[in-house]
Ligand code: 3PG
């Protein structure tokens, strides 16, 4: 793979796939610009070399045609402020206007293309669409780790049109290096913290991790299925009926492999899915009818935090409760603080993308952990041991990874 530092972009137009799938509020303002800030080094390197940049990304999941709320033009103010250079915008990512704007681009300038997913061909991995995109640049750079698990036209197929000029961006490179640190070079004890709503999203990664970790902490919505499988009552808490047996098998497998599993011993319950609902704390598996578990309890917070603080490698993916509700964010905050403490004592900590990354960032701890991934699904798939199409496409036939 060619890394960004190995390529001289002088006089080149770089077609750069970024993952600018950022959250916007109702006024189309960016509420978390982590993914944009992450791509700055790649873009700056190209501009500083004397090249120009054509940025392409998806935003949200439009239905294959233009939708105002998913327009990338909403990102222009932030991009202009960040780069302080001319940033042009093409209202279509392919076609005559895009081609004309790309052709006229001067060194040091940036062209932002409209949302790739306004064309259904993008997600289909359509070759003709990929070829149209390829006409815009002289060199292809993929810096969209967050979308590297998708075999889309802009993430994978387009690379075929740049057999000698395809480059791995800085975000992509550091994401892969940091994931490798956890997968291959983890110091022990190694603790994985898995949270979030659904077991089904994490089954494969949990199974992979059983061969690597010393401790597996399970919290969040998915822990109630474990409590139910062990004979507890969980009221109206999240339940995946079809995963009850899986949880029991997992506990058995963990025991056979010598992995210590930590499940919540108490839970904060609520009588409605609402930040202002009535609250109580009960022992796990004793949730009354009409109530639901929305966070880990104080005893669990202390136990989990202790395990994390004593770890040398920590991987965290998924919140411990409904952290969007302030009253049920305490467990997630406690884990974030424990991860920060472990990091300060020399542990390596990788925070998986999505909600746990958002939690750490919102708490102002993004720089107090070793690495916050920009990838949600992509990181999980990489951790599952899968080959990511976006990464494969950057490799040269003669030099497989
Ligand atoms: C993400 O936010 O995880 C990536 O941008 C991928 O988005 P997608 O799940 O809509 O493909």
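Just so you know, glycine gets a Cβ as well, placed from its N, Cα and C.
All annotation found in TrEMBL is predicted automatically rather than curated by experts.
The secondary structure of residue 19 (substrate binding site), as reduced to three states from DSSP, is coil rather than helix or strand. For 19, 20, 21, 35, 58, 59, 60, 61, 117, 150, the entry in TrEMBL reads substrate binding site.
TrEMBL lists 202, 293, 324, 353, 354, 355, 356 with the feature ATP binding site. Packing around residue 355 (ATP binding site) is summarised by its Cβ count: 20 other Cβ atoms lie within 10 angstroms of its Cβ, all protein chains included. According to its DSSP assignment, residue 355 (ATP binding site) is helical.
Put simply, of the binding-site residues 202, 293, 324, 353, 356, the one whose Cα is nearest the Cα of residue 60 (substrate binding site) is 353. Here the Cα atom of residue 354 (ATP binding site) is found 11 Å from that of residue 21 (substrate binding site).
With respect to their backbone Cα atoms, residue 353 (ATP binding site) and residue 21 (substrate binding site) stand 12 Å from each other.
Ranking the binding-site residues 293, 324, 355, 356 by the distance of their Cα atoms from the Cα of residue 117 (substrate binding site) places 355 first. Same-chain neighbours of the substrate site beyond 19, 20, 21, 35, 58, 59, 60, 61, 117, 150, judged by a C-beta within 8 angstroms of the site's C-beta center, are, in sequence order, 57, 115, 116, 146, 147.
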